[in-house]
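Okay, so here's the structure we're looking at.
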Amino acid sequence: MNVAVQLQKIRKSYGAAEIIKGLDLTIEDGSFTSLLGPSGCGKTTLLNMIGGLDQPTTGSIQIYTDTVFSSDDYINVPIERRNVGFVFQNYALWPHMTVLQNVGYSLRIRRLDKMEREKQSREMLDRLELGGLANRYPYQLSGGQQQRVAIARALVYQPRLLLLDEPLSNLDAQLRERARSWLKDIHQNFKLTTILVTHDQIEALSLSDQVVLLSKVGIEQFGSASEIYTRPATAYVADFVGGANIIPGKLIGMPDKATGAMATVETADGTRISARSDLPARIGSEVSVAVRPQKIVLTGGQARSEKSGAVVPFKPRIVLYQGAQYEIVGDTPFGPLRIQTEQQPTEQTMASALLPAEECLCVRP
Amino acid sequence: MTATDPSLATASISRDSRILQRIGNNRGLIVRIVLAALLFMLLVSPMVPIVYQGFLDKPLYDGSAAFTLANFGNLFADPRFINATKNTLIIGFIGTAISTFVGFLSALFLDRLDLPFQRTLRMMFLAPMFLSSLIMAFAWSMMYSPTGFIALWLKEVIGFGLPNLNSLLGISLLAGVSAAPVSYIYFSAAMQNIPNTLEQAARAAGATPMRAIRTIVLPLLMPSVLYCVLLNFVMKLDLLAVPLVLGGPARIEVLSTYLYDKGIVAAQVDYGLVSAAAIFMLILVQLFVFAQKYMLGDLRKFNTIGGKSSSPSQIRVGLWGWLISALIFAYCLLTAIFPCLFLILRSFTSFLSPYMPISQVLTLDNFRMVLGYEAYVKSIYNTLIVAIVGGAVAVVLTFVSTIVAYRSPAFIRSFTQQTAFIPKAIPGLVVGIGIFYATVLLPGGGLLRGSLAILVVAYIIRYFPTGFATLSPAFLQIGEDLEKAVRITGGSQIRSYIAVTMPLLKPALLSCYLLYFVQFFKEYAAASFLFSPDTAVIGTTMLQLNVMGNYGPVAALSAITLALTLPVAIFIYSGKKGA
């Protein structure tokens, strides 16, 4: 495995407030990595640090073999010598230059002659299907076109990394979906290590090989998109990605791989829930059970379900019709529960709910 | 059909009441239209009588006056006028070049470079903004003119003096230097409007910090540069004190001093000629306005898409920073601090010369003379009244105008916003002359002419665009919904402005007031056509004393002015620090 970016012991504080508290991260060469998290978790700051727009208070950053920042060795390579491509949230196209001039600017700095500059810029524009727009000014472009020009501008000088700061957030919903598959296409075409900052979980899951899920505490989980979704490590991840009911409790039965036995968690009121578990937790330790609302089955009035798991009494409070499904919020002995179902619920079916053991997962609280 | 037909009577009554009803429903709109019209009339009032007088063969109060073009013929036949125009253009170009260049460089250095003592230097650089160019002219003259202290001292020590300050170049230099702080503020604001990311994108593409500024920031500043040039040029046309004080000894005449001489000093005022000259100045300014618009072309090429407006990062320059800071400090010392200190020192002495020890000439006579003479005390008193009361009136007018300009149907909106900037292109002297003529024409004008109110009117017209521009951005930030929320809970329209808009605007209203206060305190050009012995202000008194050669009292008056305005300036600065 080739390392593209390595962050070590990164800390960042503004005055007394510490935004990033000792973070380590390694990003593989050629991968598409998303920094996912809510606003204020420091994800953009992290991206800016890699690009050189911002400096960590302490720590070190390595891009391929170059140390571009190190607080110990007083190294801070300025942005212009890091050779990275950066796409800003508002695209930051230079309004006084045409599309061709925008794209050719970096080549001019690299002292290519006019012919070569134009050739390479036009090639890049053609590759991104922008050939016809070369002589337009940014104000004459649509939002989607501006975004593509911004990417062409960042790719033309063959940077070592492509850094994207919420590049899709300024597009409307329809365009965003198209731009998403287009971004994926670019990554596959150019095979360039790409780091994306986003707060949109679908964007992160659908685009990236690796997702770094950040919260105010630091990295919650670093893994492939499917790992993040199917095996969230913490209650925070389970809820942030895809949404989940988080039921706090105590571990009272250990799972056993040999027999296939599930873990058992007891909630404060004594309800016992069977769940999968990969946690290195001991009997008696505090854990939470995460279960996605669409996996819960309403079982009221039915003698038995084909699935096994904890059956709990349920008192529905609100039923929301959402077109494809119904969402029901109600109470159980261990607290509120959110359920999504395609079947129209009746008073009878809503009397109890099954938490299928296969769909319940022990996570760190 | 008879008058007793009951059905007809009720029909007409209900029609009448319907009209009343409609007027009542649109009361807010009607009030706005009236206010917008009044504002327009106020702001164009100086121009109308001037243009009218320009085409009359006799003074406009003379009933037998007839249409003529002779005034313009006479004007262009006057070699003094031709010469003054030439000098004005030279001073305008060189002075504008100096103030734009110094303003831009200082904005770049003080805002973007990581300099030692940045904040202090910025305050020192901006401080002359609060000084009238009259004081600057006196101070420079006493220091650097051929008979000035420094020039004589240098001659004594190293054998030769300074280049002659009483020259076109000297006038241009002081005119340029005194307008540098305004240019700085202009560029500083314009640079802050350029999103940081545009520069960062250039850096990511490989540009060094200075190259990013040169290729991205500078081209985007083009509209501001041209606008700043225009503004500066109008300011140069407007300068009266600098050419009067520095150019007087060398008999260098410019358009403003030509007008001053023909319109005030001359025993027999030729109204037609003065008006023709004023019209000429107006046209000159308009030419520049058109040139500026033509040169920019499609403005959308410069529109930056607003991102998060974070203050741009400061460029590290290391040891160079100390050198740049030292240069800026030296500039501030030479252009403002030394001259002002010298002026204060001069006010406490009977005579200052490098050939005489200071201890022998120390005296309080200058202050005794100024404060002992009723007319002088009165001018100080008048200045304070005009600044304090006039400033308050101006703020109220500005506030009402912003409401009309931003809380009205579209047509009133754009009309008022454009109206507000009309006086920007009228030199202060021309405003003075115009208001004077207007009071001659209007009934009851004589009463106005004898009171301080006429000064307030002229000053308000003169500085209205600046005040409006200060208040507008703050006003735009207050969502109309906040006012609507008051009305939904049952408050009237006026109440919504008093309950919500005014408290939220408090800081902006205060800075608008302070701006008017300082400008009104400084202004003398518009006053020089309007004042009577009873309504003299500090500036006009200083000009008169200077003509008589009484430099001691001039210095004393300057010192008093400094003492009165500096606390306000410091207050404004400390307020800005908190924000």
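Even glycines carry a Cβ here, placed using N, Cα and C.
Positions annotated as transmembrane segment by TrEMBL: B:29-52 (among others).
Annotation comment: TrEMBL describes B:85-292 (among others) as domain 'ABC transmembrane type-1'.
The transmembrane segment annotation in TrEMBL covers B:89-111 (among others).
Panel annotation: around the transmembrane segment (B:123-145), residues 106, 110, 151, 162, 164-166, 170, 174-175, 177-178, 180-182, 184-185, 239, 241-242, 244-246, 249, 328-329, 331-332, 335-340, 342-343, 346, 352, 518, 521-524, 539, 542-543, 546, 551, 554-555, 558, 561-562, 565-566, 568-569, 573 of the same chain, lying at least six beyond its termini, place a Cβ under 8 Å from a Cβ of the stretch. Marked as transmembrane segment by TrEMBL: B:123-145 (among others).
The transmembrane segment feature in TrEMBL is assigned to B:165-187 (among others).
Proximity of distant same-chain residues to the transmembrane segment (B:216-235), defined by a Cβ-Cβ separation under 8 Å and at least 6 residues beyond the stretch ends, is recorded for 92, 95-96, 99-100, 103-104, 175, 179, 182-183, 186-187, 190-191, 194, 198-199, 202, 207, 285, 288-289, 292, 295-296, 299, 302, 304, 424-425, 427. Per TrEMBL, transmembrane segment is recorded for B:216-235 (among others).
The transmembrane segment annotation in TrEMBL covers B:271-291 (among others).
Distant neighbours of the transmembrane segment (B:319-345): 102, 106, 109-110, 113-118, 121, 124-125, 127-128, 131, 135-136, 138-140, 142-144, 149, 177, 352, 358, 555, 558-559, 562; these residues of the same chain sit at least 6 beyond its ends, with a Cβ under 8 Å from one of its Cβ atoms. Sequence annotations record features per position, and here TrEMBL assigns transmembrane segment to B:319-345 (among others).
The transmembrane segment annotation in TrEMBL covers B:380-406 (among others).
Sequence annotations record features per position, and here TrEMBL assigns domain 'ABC transmembrane type-1' to B:380-572 (among others).
Per TrEMBL, transmembrane segment is recorded for B:426-446 (among others).
As annotated by TrEMBL, transmembrane segment applies to B:452-476 (among others).
Sequence annotations record features per position, and here TrEMBL assigns transmembrane segment to B:497-518 (among others).
For B:551-573 (among others), the entry in TrEMBL reads transmembrane segment.
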Worksheet entry | Long-range Cβ neighbours of the transmembrane segment (B:380-406) (under 8 Å; 6 or more residues past either end) | 32, 35-36, 39, 412-413, 416-417, 420, 452, 455-456, 459-460, 463-464, 467-468, 471-472, 475-476, 497, 501-502, 505, 509, 512-514, 516-518, 520-521, 535-539, 557, 560-561, 564
Worksheet item: Any residues 6+ beyond the ends of the transmembrane segment (B:426-446) with a Cβ under 8 Å from its own?
Response: 45-50, 52-53, 59-61, 234, 237-238, 240, 256, 259-260, 263, 271, 274-275, 278, 281-282, 285, 454, 457-458, 461-462, 523, 525-530
Discussion item. Test of understanding: applying the rule of at least three C-beta pairs under 8 Å (pairs 6 or more apart in sequence), is the transmembrane segment (B:271-291) touching the transmembrane segment (B:29-52)?
Written reply: yes
Worksheet, complete the sentence: Sequence-distant residues near the transmembrane segment (B:497-518) by C-beta distance (under 8 Å, 6 or more away from its ends) are 130, 387-388, 390-392, 394-395, 398-399, 403, 459, 463, 466-467, 470-471, 473-475, 478, 482-483, 485-486, 491, 565, 568-569, 571-572, 575, 579
Worksheet item: Where else in the chain does the transmembrane segment (B:551-573) make close Cβ contacts, counting only residues six or more beyond its ends and a cut-off under 8 Å?
Response: 123, 127, 130-132, 135, 138-139, 142, 340, 343-344, 346-347, 349-350, 365-367, 369-370, 376, 380, 383-384, 511, 514, 517-518, 521-522, 538, 541-542, 545
